[in-house]
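The annotation domain 'Tetrahydrofolate dehydrogenase/cyclohydrolase catalytic' is assigned in TrEMBL to 4-119. As annotated by TrEMBL, domain 'Tetrahydrofolate dehydrogenase/cyclohydrolase NAD(P)-binding' applies to 138-288. The NADP(+) binding site annotation in TrEMBL covers Gly164, Arg165, Ser166, Ile234.
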Amino acid sequence: MQVLDGKALAETIKEELRQEVDQIRLAGGKIPHLAAVLVGADPASEVYVRNKVQSCEQVGFQSTLIRRGSETTQEEVLEIVRRLNDDPDVDGFIVQLPLPKHIDEDTVNLAIRPEKDVDGFTPVNIGRMTLGLPAYLPATPNGIMTMLERYGIETEGKEVVVLGRSNIVGTPMSILLSRKGNPGNATVTLCHSRTQDMAAHTRRADILIAAIGIPEMVTAELVKPGAVVIDVGINRVEDASRSRGFRLCGDVDYASLEPIVSAMTPVPGGVGPMTVVSLLMNTLKASKGRLS
Ligand code: GUN
């Protein structure tokens, strides 16, 4: 089995980005600047945002982290969004999700200017992506597309099954892989919590993408021998034997699939680092003032 090493690939792409930033600096151009808004104290979000800021430093981007406590009001978050929308020095920004329950994520998302929406979550960018127009593509599905491309995994005419229909992973993933292009041109089935006989679908998949948020749900019985498996899940499972009291695992039962699949992403070190790289690539695009 081939391990699809997202960590190593992300490092390679970050090195390419770093060189491009060096060129921009030498030419006296604008250094890309990403801002991240983190509200509350969700432990996973803290880790993700820290990774994003550190990755910016690694490639030479400027970054700004705006942190607010969980008591912050929706109006205060909207005020931060408006300020970032209007700040000419900030090329793109993200509001880390989930937000505290008293803040409506849709309202905040709709306030983000599409030109600065480097997460690709706003209706304009999702619409542009769906039409095949230049757009900021959502980071996780785009990271998976980059991985498929760089590893030379053929998608044309293949049966792809996506598990999970979230707005930020499953749904855009199904759109990107069914579009014309390479990667693309796949026949895509989108399974979700109301799917009947999920195994009947997954066993037909040449490429299986699990983004359902259930720890180690995808076991060997659900997978066709020789399939390529992409695990998007990052689940914290209680484990008293670990110093942190939990272990991280994906939506895929890695050990049971290892003997039968042809290629698979590990967790951690698979899709996660590619997601961060996609965000950096979108930020570079934003700093060049181009949606493409
Ligand atoms: N929470 C989980 N994934 C993401 C992401 O890609 N972007 C943001 N802003 N929040 C998230």
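Glycine residues also receive a Cβ, built from the backbone N, Cα and C atoms like all the rest.
For the NADP(+) site, whose binding residues are given in the record as Gly164, Arg165, Ser166, Ile234, the maximum C-alpha distance rounds to 16 Å. Note on the domain 'Tetrahydrofolate dehydrogenase/cyclohydrolase NAD(P)-binding' (138-288): its mean pLDDT in the predicted model is 97.
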